[in-house]
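Following: one structure in structure tokens, then a few remarks.
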Amino acid sequence: MAAAVFNQSIGTSQSLGHFNTSGLHQEFGKGSVRLISKAFEVDVGLSKRGCYNSSQRNLSIIRASTSQTSVIDIVSSPSHNKSNDSRKKSGEAALILIRHGESLWNEKNLFTGCVDVPLTKKGVEEAIEAGKRISNIPIDMIYTSALIRAQMTAMLAMTQHRRKKVPVIMHNESEQATAWSQIFSEDTKKQSIPFVADWRLNERMYGELQGLNKQETADRYGKEQVHEWRRSYDVPPPNGESLEMCAQRAVAYFKDQIEPQLLAGKNVMIAAHGNSLRSIIMYLDKLTSQEVISLELSTGIPMLYISKEGKFIRRGSPAGPAEAGVYAYTKKLALYRQKLDEMVH
Ligand SMILES: O=C(O)[C@@H](CO)OP(=O)(O)O
């Protein structure tokens, strides 16, 4: 089984992060790992270090993609309506997941949870880089947590998008807020992307660990105890949420609010957190409570899924803009990119 990487040591979530462009890591030797979807598994490359080799892997994606039909087109001109229709009929949509870029407390190696801290300069750069990677993928809806690090990541990523649609934050906190933020032009609406922020996508609440240094906590309570708090499925940190409890809100939100959008053919980007995304990926990839223990996400690396007929097919991570041909994940995505190129020239 081509499962990747790595054993995250406390507080070093960045190690190897740039090496594994899938943004998603899993240790070897933890039983049967059903992490990689069939389409992706076909010919994924492994480096000597046991990590995905990004260039081999990207080539693999391109090869695999030629046998797939799929997704989307939303370049919004009348001549593209046909593609919109076929998108609805095929019931296919793109789902992009991004863990926020490095935050000030990631940098200080502190448990963060629901404490609302911003990105570091490096985190800002990671978000911009993530945006470049997805700049040719059409996006109809953006969801983030209620926390600024996820919202900054989504907004910064969208500054890089080639369609230059404007993300518009939906304000539903009161009737007045909804009414006062209305747009009264259909054309302007078409050039906007609804941006929904919801607390249910927040990081797991880390209880009494919030604000503590991860290394010092491990020194005090033991490495194993702290690993159990951080990565087990059902053991909560003191007065905090276990991953299971986090899933009860984050996955429920995904099923109630986001999945219907995907089923309607809309392409969705979610910017959220290590653990809220781990719980969603557990659902998408049908991971067991054992398998999810070794699932690690890098900051600022987008992951792409194709949603088709209620199933989720993982396509890895869109690679950096310098690598030729990386957008040919599916025929339709490649076509979309071609149309964007034609619009420019
Ligand atoms: O501190 C946190 O909120 C999270 C994510 O940064 O940490 P961990 O990796 O320990 O779940």
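Each residue, glycine too, has its Cβ placed from N, Cα and C.
What TrEMBL lists as active site, tele-phosphohistidine intermediate is HIS100. Following the DSSP three-state reduction, the secondary structure of HIS100 (active site, tele-phosphohistidine intermediate) is coil.
For GLU203 (active site, proton donor/acceptor), the number of other Cβ atoms no farther than 10 Å from its own Cβ, over all displayed protein chains, is 28. If you look up TrEMBL, you'll see GLU203 marked as active site, proton donor/acceptor.
Per TrEMBL, the feature substrate binding site maps to 99-106, 112-113, ARG149, 203-206, LYS214, 230-231, 274-275. Every protein chain considered, the tally of other Cβ atoms within 10 Å of the Cβ of LYS214 (substrate binding site) stands at 22.
The site 'Transition state stabilizer' annotation in TrEMBL covers HIS273. The Cβ of HIS273 (site 'Transition state stabilizer') has 27 neighbouring Cβ atoms from other residues within 10 Å, across all protein chains displayed.
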Query raised in the report: Tell me, by DSSP, whether LYS214 (substrate binding site) is helix, strand or coil?
Result: helix
Report task. Compute the C-alpha separation of GLU102 (substrate binding site) from HIS273 (site 'Transition state stabilizer'), stating it in Å without decimals. Result -> 11
Query raised in the report: Of the recorded positions HIS100, GLY113, GLU203, GLY274, which ones put their CB under 6 Å from ligand 1?
Result: GLY113, GLU203, GLY274
Query raised in the report: For GLY113 (substrate binding site), what is the secondary structure by DSSP, using just helix, strand and coil?
Result: coil
**Report entry** Sparsest-packed of the listed binding-site residues (ARG99, GLU102, GLY113, GLY274) - C-beta count within 10 angstroms
**Finding:** GLY274
Query raised in the report: Can you count the other CB atoms that lie within 10 A of the CB of TRP105 (substrate binding site)?
Result: 20
